[in-house]
Amino acid sequence: MLKLILMMIFISPICFMQGLFWMVHNLLFVITFVLILMNFCLNYFVNISYFMGFDVLSYGLILLSFWICSLMIVASESVNKYNNYKNLFLFNVLMLLIFLVLTFSSMNLFMFYLFFESSLIPTLFLILGWGYQPERLQAGVYLLFYTLLVSLPLLVGIFYLYKNCNTMNFYLLSNYMFNCNLLYLAMILAFLVKMPMFLVHLWLPKAHVEAPVSGSMILAGIMLKLGGYGLLAVFSFLQLIGLKYNYIWVSISLIGGVLISLVCLRQTDLKALIAYSSVAHMGIVLGGLMTLSYWGLSGSYTLMIGHGLCSSGLFCLANITYERLGSRSLLINKGLLNFMPSMTLWWFLLSVCNMAAPPSLNLLGEISLLNSIVSWSWLTMISLSFLSFFSAAYTLYLYAYSQHGKIFSGVYSFSGGNIREYFLLFLHWFPLNLLILKSEVCLFWI
């Protein structure tokens with residue numbers, strides 16, 4: 001476990017050397033493949049060193065973190081080209097990656113909290129330092145306040161646990177069962193905001209719209225998964241009270257998912273549309289996770305990984321067209337089929353993955369989640385059917401409006417993609433569709 005952390009710490013001086021922008025990216029890819037070869041597909045903690053260890057859940061999410069972070073560097077070519085504080089940018093991405101890996105590999109609840117909150121700081125720097133509009137300050141404040149306001153109860157809850165159990169180790173805490181309402185609320189609220197659950201999701205579209213492409217990728221790809229991972233961690237000792245109160249969160253997230261899907265249908269901003277679709281997807285993840293059934297837990301993990309790759313890829317696409325046209329508005333991003341014919345294929349592939357068409361990992365996750373939520377209560381079928389329908393509707397809206405229609409009169413030339421962009425999109429789409437062939441890694445980890 002320490003070897004990965006040390007490898008990343010030793011990459012940090014390379015960030016500040018001239019002309020080694022791609023070297024950092026290559027080294028991150030090397031670490032990713034080292035991690036794949038280590039292959040911890042075990043349902044208990046392995047590779048334990050002090051407070052860090054791996055289980056299957058954290059293994060998949062750490063792998064996703066490495067993958068997305070190395071792709072962030074590929075996507076942020078403009079930072080390199082215009083020399084926009086690129087050394088600082090690389091260092092920021094690396095620090096974020098280190099915090100994420102430490103978060104996912106913590107076995108101690110307090111260490112988990114510490115790194116969970118620390119990962120907010122580099123993200124904030126990304127948004128404030130490399131964002132596009134002046135409104136990024138407002139987005140940063142939203143992000144910070146939503147997250148920090150609810151993380152204080154989490155800290156108090158962790159100290160309460162420590163006072164009662166004399167331990168903060170996940171493995172030992174799972175022997176206890178707590179039935180305290182306030183503790184339940186305190187432990188769970190921070191993760192609901194991070195997911196984000198409907199009603200506390202307002203920071204997400206703001207942060208996404210103002211963030212640079214790398215910020216959007218890391219937010220959609222990993223940050224939302226921290227909430228899901230945290231919930232999976234704390235429910236090991238909150239099962240009893242969870243079964244009593246979870247219906248509240250399931251109802252909010254399913255009804256919220258439908259409402260957010262309707263909001264999606266009237267967005268004119270590409271990034272905002274993709275951001276709201278993330279909220280809808282995480283709503284169904286939250287619903288499945290809260291049923292606490294086998295299908296629900298494995299499906300939520302599968303959809304988290306699938307959504308991380310898919311949503312990140314869509315943000316890359318939105319950024320590619322933004323770099324060419326200088327706008328994210330759907331009123332200007334019209335008729336892209338004429339403007340960038342070769343990118344239309346990628347728009348199509350990632351859009352259908354977003355609406356959970358086979359053979360994507362999202363399909364597998366959504367089927368498991370539908371299974372778990374419907375078996376939990378028959379009434380949920382109503383909102384689930386709406387959710388599935390509108391999910392397809394807004395994805396088709398995104399695809400059809402951007403690719404078809406009359407080309408905007410201000411666009412005067414055609415534009416091809418370059419190899420870097422195809423490579424980037426391929427590396428989002430390929431694992432997404434390949435993993436369905438090795439789905440036992442995602443489904444049979446409990």
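Note that the numbers count up from 1, one per residue, in the order the chain is shown.
Note that Cβ sites are derived from N, Cα and C of the backbone, with glycine treated the same way.
The following features are taken from Swiss-Prot:
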TRANSMEM  4-24  transmembrane segment
TRANSMEM  56-76  transmembrane segment
TRANSMEM  88-105  transmembrane segment
TRANSMEM  109-131  transmembrane segment
TRANSMEM  141-161  transmembrane segment
TRANSMEM  182-202  transmembrane segment
TRANSMEM  218-238  transmembrane segment
TRANSMEM  245-265  transmembrane segment
TRANSMEM  297-317  transmembrane segment
TRANSMEM  330-350  transmembrane segment
TRANSMEM  373-393  transmembrane segment
TRANSMEM  426-446  transmembrane segment
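When Cβ distances are compared across the two stretches, the transmembrane segment (245-265) makes no contact with the transmembrane segment (141-161), since fewer than 3 pairs at least 6 residues apart fall below 8 angstroms. The transmembrane segment (218-238) makes no contact with the transmembrane segment (426-446), as judged by fewer than three Cβ pairs under 8 Å among residues 6 or more apart in sequence.
By the Cβ criterion (under 8 Å, sequence separation of 6 or more), the transmembrane segment (182-202) is not in contact with the transmembrane segment (330-350), since fewer than 3 such pairs are found. Nonlocal intrachain contacts for the transmembrane segment (4-24), taken as residues 6+ away from its ends with a CB within less than 8 angstroms of a stretch CB, comprise 31, 34-35, 52, 62, 73, 80, 86-87, 90-91, 94-95, 97-98, 101-102. Below 8 A, the CB atoms of the transmembrane segment (426-446) and the transmembrane segment (141-161) form no more than two pairs separated by six or more positions in the chain, fewer than 3 in all. For the transmembrane segment (330-350), the residues of the chain that approach it from at least six positions outside its boundaries are 267-270, 273, 310, 313-314, 317, 320-321, 324, 399, 401-408, 410-411, 414-417, 421-422, 425, 428-429, judged by C-beta separation under 8 angstroms.
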